[in-house]
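As recorded in Swiss-Prot, the features of this protein are as follows:
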ACT_SITE  C86  active site, nucleophile
ACT_SITE  H181  active site
ACT_SITE  E183  active site
BINDING   S235, G236, G237, V238, D239, S240, S241  ATP binding site
DOMAIN    9-207  domain 'Glutamine amidotransferase type-1'
DOMAIN    208-400  domain 'GMPS ATP-PPase'
Amino acid sequence: MALDIHAHRILILDFGSQYTQLIARRVREIGVYCELHPFDMDDEAIREFNPRGIILAGGPESVHEANSPRAPQAVFDLNVPVLGICYGMQTMAEQMGGKVEGSDLREFGYARVDVVGKSRLLDGIEDHVDDDGVLGLDVWMSHGDKVTQMPGNFNILASTPSCPIAGMYDDVRGYYGVQFHPEVTHTKQGGRILSRFVQDICGCEALWTASNIVEDAIAQVRAQVGSANVLLGLSGGVDSSVVAALLHRAIGDQLTCVFVDNGLLRLHEGDQVMAMFKENMGVKVIRADAEKQFLDNLEGEADPEKKRKIIGRTFIDVFDAEASKLENIQFLAQGTIYPDVIESAGAKSGKAHVIKSHHNVGGLPEEMNLKLVEPLRELFKDEVRKIGLELGLPYDMVYRHPFPGPGLGVRILGEVKKEYADILRRADHIFIEELRKADWYHKTSQAFVVFQPVKSVGVVGDGRRYAWVVALRAVETVDFMTARWAHLPYELLETVSGRIINEIDGISRVTYDVSSKPPATIEWE
């Protein structure tokens, strides 16, 4: 009998915290499957999900305000362990008969909590022990309200001078609340605390591993597809590359990939994609050389959003034309990942604060009457990378920096021309090559060159040169929501600048972008 890697599962209810997806990623890192659902998930759906434990996440609301979110009653009727984090602790306390009040003393950022009670959750977990034998934890706080009265049968778990009930517990029922955030790295023992809850208290085994996920995904694909043929748009990005490798292992020649070369890729990228998948792995890949079509459609357009739409529409036209030449295709594969699923669900329910618009292949599934195959839809990005390595993809491919869907089209400011793209490709290649040589590539989260359609005077030998300006951009970030410009060594910047100006005819000046996000975005367009 096949192993059910979803059997031991945790339910996470989202009350709107910026950290909620981080909780899910931390639980997955422990090796346990979990799903993220809105706080108002109906009772029947919760019972059907049949979790071994439930985590109530944080949120921006105040429990004592009218119409603030509450946990469904099923959470407390299932007789499974519950962990409330920040707002989750507050609503648990209030719903079970305790009291929550606002406070003039808000806690945001680093704090030290004293471990007061003897609970299963924190037993043996500490960062400090003071002279009186009191255990302490270094944690991350982000709250204004606080629990001032616990429900019956609860004991104090942790406290700070301004928040006497910074944690509470009922070991008999397995109910726990912490005012701090164990999911963020600033809470040093956060991983151990979550592992204690998920594995020891909820009894979940670590079944959610890369090798198990691959085996399960292959079985699911084979069961869904059978002997039918599958079409995949291969971009060379991480998600589509992992989908291609996974589907090829699952169904072999039933998979056909279409690689659209739009003329806006990095240097030699098209050849590298073909070499990796067609020549080395034996995947059926059709290469559509559509550079002229993309550049013709972009001619004269300088507006960034309009450029994106033109590139998106042209991709669909080219992909559609290639797909229509194929016979007996019943399925379309896409690299949808779990954050996309969460955002789509949020959009439908109206609860999501920020919605990204994704264009994969537009309305193609409906037009061609194709059914969707989405083998990565349960996975976060970091899990997709681990799966890629498990499938044998090279580390440098799996951990390459993000590249925008419109490619160099949004790294060329203003109108896109072939001359600009060719210059930018070479400059970008030099920058990345030198970052790798200096062991800085994986220290940065994203690095690239931007082409600026302005000319500057330079001197070459005894002559004057009037040529283009490019900007180097390198950032460090954890989540791409905020980012800091990378403090690259001056010697490295000097080497990159020297090579670009000397080796590329057409560039006279190199600048370095020292803007952080916010206020700037990572990409220039």
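Even glycines carry a Cβ here, placed using N, Cα and C.
The shown structure was predicted, so the numbers you read here are calculated from the model rather than taken from an experiment.
All features noted in Swiss-Prot, drawn onto the structure.
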| residue | record | DSSP (3 states) |
| --- | --- | --- |
| C86 | active site, nucleophile | coil |
| H181 | active site | coil |
| S235 | ATP binding site | coil |
| S240 | ATP binding site | helix |
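Over the domain 'Glutamine amidotransferase type-1' (9-207) the predicted model carries a mean pLDDT of 91. The separation of the residue listed as 'active site, nucleophile' from E183 (active site), Cα to Cα, is 11 Å. Taking the mean position of the Cβ atoms of S235, G236, G237, V238, D239, S240, S241 as the ATP site, the remaining residues of that chain whose Cβ falls within 8 Å of it are L234, V242, V243, A244, G335. The 10 Å shell around the Cβ of E183 (active site) contains 27 further Cβ atoms across the protein chains shown. The two recorded residues, G237 (ATP binding site) and H181 (active site), show a Cα separation of 33 Å. Annotated pair V238 (ATP binding site) and H181 (active site), C-alpha to C-alpha distance, rounded: 30 Å. G237 (ATP binding site) has a Cβ environment of 17 other Cβ atoms inside 10 Å. Between S241 (ATP binding site) and H181 (active site), the C-alpha separation comes to 35 Å. Residue pair S235 (ATP binding site) / H181 (active site) shows a Cα separation of 37 Å. Using H181 (active site) as the reference Cα, a 10 A cut-off selects C86 from the recorded positions C86, D239, S240. The recorded positions C86, H181, S235, D239 differ in how many other CB atoms lie within 10 Å of their CB, and the one with the most is C86.
In the shown protein chains, 21 other C-beta atoms lie within 10 A of the C-beta of G236 (ATP binding site). A gap of 33 Å separates the Cα atoms of C86 (active site, nucleophile) and D239 (ATP binding site). When other Cβ atoms within 10 Å of the Cβ of V238 (ATP binding site) are tallied across all protein chains shown, the result is 24. Figure note: comparing Cβ neighbours within 10 Å for the binding-site residues S240, S241, the maximum is reached by S241.
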